[in-house]
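**Student:** Following this message is one structure expressed as C-alpha cells.
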Amino acid sequence: MSEEKSGLVQRLMQGSLVTQIMVGLVAGIALAWLSKSHALAVGLLGELFVNALKAVAPLLVLVLVISSIANHQQGQKTNIRPIVMLYLLSTFFAAVVAVVASHLLPQNLTLQNASSQIVPPSGILEVLHGLLMSMVTNPIEAVMKANYIGILVWAIGLGFAFRHSSEGTRTFLNDASDAVTRLVRIVIRFAPVGIFGLVASILASTGFDALGQYASLLGLLLGCMLLMALVFNPLLVWWQIRRNPYPLVFTCLRESGVTAFFTRSSAANIPVNMALAKKLGLDEDTYTVSIPIGANISMAGASITITVLTLAAVHTLGIQIDVGSAILLSLVASVCACGASGVAGGSLLLIPVACNMFGIPNEIAMQVVAVGFIIGVLQDSAETALNSSADILFTAAACMAEDRRLEQNA
C-alpha cells in the first residue's frame, strides 16, 4: 500500500505542472459553483501558496543576483540592455494602445464614493522620489518588506563587491543560489493546489455579478491587454528573433501568465518565471538578473489600467485633450506603472497622478480609483498576467536573438 502511495506522489511531482494547474483551475470553478462555503474554506490553500511565493521570492532575487554577478566572467554577454529596452518599449506602447482605444471607444463612469484611507502619490515627482528612496533602504528591511528595487540595488552592489572575493566564497554563493532554487522548485510544485484554492475562494466571494454595470470598461481594459499580449508583444519578439513568435508567446502565457493571473503579483511570480527560463534553456547569467528587473519595470498592464481609467474620467467630465497631452499621458502612465511594481492593485493608486495632469480634483480621482477596485477582480489579474508573462517572453526573445547572431557569425 505504501508503495502505491509513493508511486502516486512521484507521478504527481513529475507530472506536467501546466496540466495539473488546469485541473486545479477547473476543480476550483466546480467547487465554487457547487458549494460556496466549502469554496471559501479552501481559500486557505491559495493564501498559503501566494504567501509561500512571496516569502521565498525576495531571498531568491537577492541570492540569485548576487551569485550571478559575483560569478560572472569577463567577456560573458548578459543581454540585459536589449531586454530592458523591450520592457520599456512594451510599457510605452501599451499606454499608446490604451489612448487610441479610449479615443475610439470612449467610456463613461458611474462614480462611486472613494475610500478616505487610500493616500495616492501627489505627483509624478513623488513617484520618482519614492523609487529613489526605495533604492537606498536598509538591505534587511528591503528583504523583510519585499522592496524589490532596494533588493536589486543591494544585490547588484554586493555582486560586484564579491567579484573580488576568493574562489571559495564565490562557490559558496553559487551553492546558496542552488539551494534557494531547490526550495522554490518545491513551492512551485504546489501551484495546482494553490490555484485551486484561489479560484474557488475568489469566485465564491465575489462572483461576477458586481462587474455587470462595468462590463464595457472592463471589456476595453481586457481588450487592450489582449492586443498587447497577442499582437504588439509578438511584434517586438519577431523584431528580435525574426521568426514566428507565437509558439514562444503561447508558452509564456500558458506557463507564466496563468499562474500570475491568480497570484496577482509580478513579484510572487518571479520563481515561476525563473523555472520557465531554466526549462527553456536560457542563459542563467541573463535571466537571473533580467526577470527581477522585469518585475519592476515591465508594466504594460499597469500602463493600460492607468491610461484607460484616467481617460474614462476625462471623457465623463467632458474635458478635451489634444495629441500632445495624450502622448504626455502615455509617458506619465509608463513612469507611474513602473512605480506600481510588485504591489497587487498598485496601479490603481497611481491613477490620481495621471488625473492631476488634466486638472481633475483629487476627490473625483479617488472615485475613479474606487471604480478600479470594483472591477479589480479581473482587471488586476489580467494586468499581472500580461506584466509577468512579458518578463520571461522578452528575456527569452533577447537570448534567442543573441544565439541567432552568434550562429550567423560562427
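Glycine residues also receive a Cβ, built from the backbone N, Cα and C atoms like all the rest.
Straight from Swiss-Prot, here's the annotation block:
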type     : residues : note
TRANSMEM : 15-35    : transmembrane segment
TRANSMEM : 49-69    : transmembrane segment
TRANSMEM : 82-102   : transmembrane segment
TRANSMEM : 118-138  : transmembrane segment
TRANSMEM : 142-162  : transmembrane segment
TRANSMEM : 190-210  : transmembrane segment
TRANSMEM : 217-237  : transmembrane segment
TRANSMEM : 299-319  : transmembrane segment
TRANSMEM : 331-351  : transmembrane segment
TRANSMEM : 358-378  : transmembrane segment
**Student:** Going along the chain, which residues at least six beyond the ends of the transmembrane segment (142-162) come within the CB cut-off of under 8 Å?
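**Tutor:** Those are 54, 57-59, 61-62, 65-70, 72, 131, 134-136, 169-170, 173, 267, 292-293, 295-296, 341-342, in sequence order.
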**Student:** Contact between the transmembrane segment (49-69) and the transmembrane segment (217-237) is defined here as three or more C-beta pairs under 8 Å separated by at least 6 residues; is that satisfied?
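**Tutor:** Result for the transmembrane segment (217-237) with the transmembrane segment (49-69) is no.
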**Student:** Which residues of the chain, 6 or more past the ends of the transmembrane segment (299-319), have a CB below 8 A from one of its CBs?
**Tutor:** 90-95, 97-99, 101-103, 106-109, 111, 217, 220-221, 224-225, 228, 233, 329-330, 333-334, 336-338, 340-341, 346-348, 350-351, 354-355, 357-360, 364-365, 368, 371-372, 379, 382-387, 390
